[in-house]
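Presented below is the structure to which this report refers.
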There are 2 protein chains.
Amino acid sequence: MDLPVSPLAPAARVAPVPVPGVRLATRACGVRYAARTDVLLALFDPGTTVAGVLTRSATRSAPVEWCARGLAGGRARALVVNAGNANAFTGRRGIASVEAVTCAAAAVAGCAPDAVFIASTGTIGEFLPDARITGPLPEMAAAARPDAWGEAAQAIMTTDTFPKTATRASRIGDVPVTLSGIAKGSGMIAPDMATMLAFVATDAALPPAVLRALLGPAADASFNSITVDGDTSTSDTLLLFATGQADHAPVTDPDDPALAAFRADLNALLLDLAHQVVRDGEGATRFVEIRVSGAADAGAARRIGLAIGNSPLVKTAIAGADANWGRIVMAVGKAGERADRDRLAIRIGGVPVCADGLAVPDYDEAPVAAHMQGREILIEVDVGIGDGRATVWTCDLTHGYIDINADYRS
Amino acid sequence: MDLPVSPLAPAARVAPVPVPGVRLATRACGVRYAARTDVLLALFDPGTTVAGVLTRSATRSAPVEWCARGLAGGRARALVVNAGNANAFTGRRGIASVEAVTCAAAAVAGCAPDAVFIASTGTIGEFLPDARITGPLPEMAAAARPDAWGEAAQAIMTTDTFPKTATRASRIGDVPVTLSGIAKGSGMIAPDMATMLAFVATDAALPPAVLRALLGPAADASFNSITVDGDTSTSDTLLLFATGQADHAPVTDPDDPALAAFRADLNALLLDLAHQVVRDGEGATRFVEIRVSGAADAGAARRIGLAIGNSPLVKTAIAGADANWGRIVMAVGKAGERADRDRLAIRIGGVPVCADGLAVPDYDEAPVAAHMQGREILIEVDVGIGDGRATVWTCDLTHGYIDINADYRS
């Protein structure tokens, strides 16, 4: 199934700026696809630290379990990513494949296997043809270049209709540092899974504990605040590598004021990548921002936002350009969080459509209808209980989603 | 939008047996629809008890809140149901409409308003034209008949494509009693809401506490075990009325052995009605039974079953007749319940497709493929942790669902 590029794709493609201490190589290894690159090798110079956020699925894949152990050590020298096969639900043989790939990568990187990270996405339940990956690794290592970020974003795509990249010039204190990243994900991977992968690197010099403290909240506000279809992958993986080659003053406290700009830029870069995943949502024709306020706390606000963003009734209404706020009320009600029905207020495209538990009498429907016809939809909901705020992002649910996921045999 | 009758509709329509002490009347009141009945009045003889299960939505409607208060009293003399307007998110005026309708019904029934129950489904956020209901009530009361159950099921329909009725000849001890009921719901009500209503009556003589003890578990195993799109209505209402006209020995303990047959028949009747709701799911072309075993407990099993039954990826795969068990693994993983990935076993149409955390090598795909082409799909999942079991029911997610919910303006 050849899919056209999403109508929500960013107009301009960003070429990530090389990160000192990172080299990348891609190759067409034939894991599943023909005539395209499908394996990425990233090599990190000695001294690189790492933090990550992994899927909480109870059926997570062997590669995810491997990464969980590696993250405890906090050191990284290599990353291997393949597209087309998730190596999930593959039992002992799947674990053996992970060990084969990480061992081979450790040999070419000159490090211990526990400094190698791995991610696989694609079909579930099929054994990974690991020799197709391990065989080419030495040649890939020899060919690795600092400027191959765009190729890297291409190699990890599955049903993505465009590669996802982002970059930021940042600083720690007054010292410039670079942040560059790639992501994949478009609702799910043909033919099996919704999977997001994101890999970000920086030349900042930050201990693993500081990286973790920065990454957790940034992931919550970005990748954990988007939804395409509410389904959670066995393979979701977000990794942040810091090569330590920038010459800034040592930072050991995540609350160090010298991190202010870096924190903001990391948050922005992750949000940029997460938005690109939503913009490539299967069948998506509208990008939807849902701002929730007045909740008991930020967590409650996020759960309410995700209840709205995951509701098939809300998402089909948006597909139909229908400002159907009754469905938003319903989704707030089912979220399982406190809300005051009689203080609930909803704005669509900035126009109040209901307030104080009632439709706003005679609101001007024309600007609302015009807004719903656009590509970018804004829904604001105040649930009238407290000060908790959160923003989540989603896309509409269209015939295109059914086409991709039903009219298609594995 | 005129919808064809669901291909999953029961072949034969059941005419519920009249229940001594219950009279019914319907009328075309023009609440929203033209040229069809849209209001039901049920009258119950003195001595009727009632129990109910109501939506847990935080934004539930004024009629639901009224019923919650009435259920505390446990006595019923009348029920008024309208289709076409949910009287939800209508503020003080909505409460006033409930009071107007229940007062008028109390007058014709000769009872206190708190013995009147009310349910409204349809558009959210529009004021109920209550005078169109209260005006005809005296004539409706005069015309009420014991044998109008079929008409009652018709009058409460919204986007339902067929009326939903069920009846059981039961007994308490050795004394025959009747159970008859109606339901509505088909994913949601045009243009706003997923709403299920169900009303069941019996001539058994049971105190409210016994009715409640019977109804709760029966609702959990039926209406709380089905899903069309995972969206929860502001109006869901299930009421069980007992007129007390059967001449059986008094029962005051819900564990009285004399209730064994009645309990089983009530469970079966509610399950019958609940299945009819799924069979009328918007756009549904396949009826899906999901049996979960090996969970930590029954509640965990039900939540895992609902995670599978609500997954858009599972439901679109079923729509495409694709035995895509990888998506079932994913849904088990995201359910938030304990599961052992390496002991997980899945059978489709009775055929083991994966076991012990692996695809079953070389399983015979022909019978599985044939099963997936049918109208009735059976998925069995053992999550390998404990003894908890549950069964849930759902339907597939098709272009028809998008047609109904997106290509359609309110």
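From the backbone N, Cα and C atoms, a Cβ is placed for every residue, glycine too.
Annotated features in TrEMBL:
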BINDING   B:Thr158, B:Lys184, B:Thr195, B:Glu282, B:Asn405, B:Ser410  substrate binding site
ACT_SITE  B:Thr195  active site, nucleophile
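Location within the structure of each feature annotated in TrEMBL.
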| residue | record | DSSP class |
| --- | --- | --- |
| B:Thr158 | substrate binding site | coil |
| B:Lys184 | substrate binding site | strand |
| B:Glu282 | substrate binding site | coil |
| B:Asn405 | substrate binding site | helix |
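Proximity to chain A, taken as a Cβ less than 8 Å from one of its Cβ atoms, holds for B:Asn405 among the binding-site residues B:Thr158, B:Lys184, B:Glu282, B:Asn405.
Each of the binding-site residues B:Thr158, B:Asn405 was ranked by the number of other C-beta atoms within 10 Å, and first place falls to B:Asn405. Cβ neighbour count for B:Glu282 (substrate binding site) (all protein chains, 10 Å cutoff from its Cβ): 27.
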